[in-house]
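Engineer: The structure's right below; bear with me while I get my questions together.
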């Protein structure tokens, strides 16, 4: 069947299209896929299994919606995260009951923690089985072998790792309500939500007319009057400040407030010192007027950190207060001098409002702000960051230099959690999007996330490339998803840091211990052709070759031979500090 | 430090050894590793992470205990399952907080479902953090960004997927009690248990004298008097029967009742028809007197099934009543003619005893049984199973023939869930151990399980090889663990069925759908050398080459090119039956 038009779905074209090709009723499966399509999503990630095959059959009813099969479910979740963080759309994943959904759980938990919206559709056991006492494959054995099994055990587990759960039952209208509710809540909370679809209900007929009213993916500001009062207070503080600074953080991106941020920075141009955080990197360009750098508190450049800490008012936009994002508990920003706002709260110098959030107040604040009433903040002399790679072997500084000199505003840079990540605070992105998973910090995220990011870029029709950096120990975790990059003809550049094991763990503990070794002597450059790709990778072991490296078309794997104990300065600092404490 | 002797730990040698090398106190970490060592376990599986490094350091305090680093946590759990199912010892896995433990959860759930004992030690956030409101990496973000996070969220999740959980706190004696309790419960229930060890408590000192009393891994029969009464009843039924049959099932192996089974079958030799189940295959040899075959109810050979169904009494030993093990709901064994016993119950012709189990009654039953009082059961003419591979391309029947002609009693055969599995009912194992995961049925189990099985065999010092059969779609899921087979110098034979995708799903639904495709054109034979191995694999595409294949020394990957829709007869039967129903 042809697709339902995504945009302008209330227009007469929409009705014509629907009425010309649809009967009055469609299956609940098709309903779900059409809801997804209406939101502008064109890719569905996942892994097939007995309990979702009936559902997946209906994906082919919606032209323009593509299946992206992943090698396993954890990888699929990471791919979804990479997709969402690249294009800001909700991602969609389909897994099977028990074995599939639980395999994906760690990835879902990461998305929940980092507010990355996903619709996770699980094909479950039949409704007719759910209340029986029959024991079947994929169903968890209970506490004994003779009692009735619990078909809802996985659904219960999901409640801790998602913002909403919907379990489809055999009433058609209720089922549509459930689907719509789950999708709405995901967009409100920007976190994963579950839809459990029993395999014997996939053909249940629901009225197509339910699709007439599309589900908006945009947040509608709430509590306008109260928001106005809070904005009044904020403006008073802003106008009273003599040395305000702006700190751009994670939720500015997630809450889609980058447009308003641009207006704000224009109004404040030349007047205010501007910083970003580690998880907020890339939201604001390093070229913007007043940009000082990435605030990492005591973790790295203390002179730079001192500028922000000296401000009498910090406008902390999209704040995400987690240790990896705020200098590992070294932040010195005093509550009474900070106005912060994010996905679920606004805090004005210590006073918290939990019935308001950034999406309620920020646009109003920006609209009402009179730039000329803001005092110019102090100017500080911050020595420019000099990155030195030394005279010795190829190392991570050389890679930073390479990235900084080649990244463009169309690119997406994906960095896995690991030693290189800790040097990112000083890297200029030149407008490239920075995708990471630095709160959840599960190594192995990057290769599958690269799949998702590439699919997102293809869907968006955007230029530029996905450039990925990952250590060998991390890459090993989810290696097989390189094959999907080949399968779907994608063209990222994947740097593999061959440093002979878990370097970041070596510097924390057990530098020479076997637990920090990994399987060695892999032929990384042959890996792509092993997975069916045309071109082998490139192995680089000296500075000059890296500097001169031209990226190939198509998937390009670049193996960098770097020293076993080569880590960025900020990581050494962190380890020294933590050891001196203990 | 030198190891504490495992056996005879109450002997004077033991005290001499301990006293000569130990102070009065050791760390809780060393205590845990010594408890593991005392149980005869020599290998610890897992993946390092920030929160378990302090703990892992102490593994090196116990000489003779080896670290087996896996590529990721799900693989590590599967490796543990393979280890346990090969050597019947509890396996041990170490993961890190959140990201690690959740990645392993699906594998743990499988072991819980299939009663495969494992000690899962999770290095958690510091006790000093657990009650703070600080937000850190690997810690799940809660329902909002401003409230206190919950450091116990993963521990709560684990309660559904394990038989016991212990969370170490800062009281030394209580901590020892917790460790001992968890290990005891694991051996009682034969299922996974969790030990949560905060990363700031790894150096807590505990008295070494606690180790003087070893923890037994053997079950001690309970409720002797009642067991005797139930055995009386069973014997009456047995002596009254005119056509008894014995059905050997899964828990006979898990409960370590194979010795008693041997005695029973000797006593009944020539008198009784003997069957096994799918999950019970390999426990009893096909050469034993009276062996008829594997009971798969209506799924395959109905003549064979009819013999068991005709019995007036079925002694169902180690019963595991799950659909994959009992002919997909086609079993026709009438409750009133079945005496069954397993890990947690005994059922005598419909009357269930849940305060007794197989370990309480079976040895007593066997000891008291007088073989001469048992009537000889009927003899039936069951046509021998003729396996025909037809005149066409190399197919799964050829592989069955190859295995049947080469397996020895020292071998371990691992078969992943997939099309080939459904043909296993008719395969003669000749005493080889059969390892599978057919209840949980997560594809991708086999390669990591092969790692665990090889480590177990090495630990046991046993001859023979591990022979593994896995489809390409399944192998893709956990591919990287091939590298660990190389890393640890192991020597399994791994058959990869290259049939171009998820064949078992194709026969259920969507034979030509993209969701059943996988990344194609992999160079399977190059995979081993890509992972640092010396010898490339062997690609086989015709019958004669397979028949003549000699296994190489060391890891030998064999790629079999088989038709996309080639499946065993029993699988076709299943699909036809399920489609005719729906």
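Any Cβ shown, glycine's included, is placed from N, Cα and C.
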Engineer: Among A:472, A:545, which residue does TrEMBL annotate as binding Mg(2+) together with A:499, A:501?
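Structural biologist: According to TrEMBL, the candidate sharing the Mg(2+) site with A:499, A:501 is A:472.
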Engineer: Near residue A:501 (Mg(2+) binding site), how many other Cβ atoms are within 10 Å of its Cβ?
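Structural biologist: Neighbour count, Cβ to Cβ under the 10 Å cut-off: 25.
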Engineer: By DSSP, what is the split of the domain 'Thiamine pyrophosphate enzyme TPP-binding' (A:431-548) into helix, strand and coil residues?
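Structural biologist: Residue counts in helix, strand and coil order: 52 helix, 18 strand, 48 coil.
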Engineer: My understanding is the cutoff is Cβ-Cβ under 8 Å with a sequence separation of 6 or more in the same chain; which residues meet that for residue A:499 (Mg(2+) binding site)?
Structural biologist: A:419, A:471, A:472, A:562, A:563, A:564, A:566
Engineer: Taking the mean position of the Cβ atoms of A:472, A:499, A:501 as the Mg(2+) site, which residues outside that list, in the same chain, have a Cβ no more than 8 Å away, listed in sequence order?
Structural biologist: A:471, A:473, A:497, A:498, A:500, A:502, A:503, A:518, A:564
Engineer: Is it possible to get the count of other C-beta atoms within 10 angstroms of the C-beta of residue A:472 (Mg(2+) binding site)?
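Structural biologist: The Cβ of residue A:472 (Mg(2+) binding site) has 24 Cβ neighbours within 10 Å.
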Engineer: When secondary structure is assigned with DSSP, how many helix, strand and coil residues does the domain 'Thiamine pyrophosphate enzyme N-terminal TPP-binding' (A:27-131) contain?
Structural biologist: 53 helix, 22 strand, 30 coil
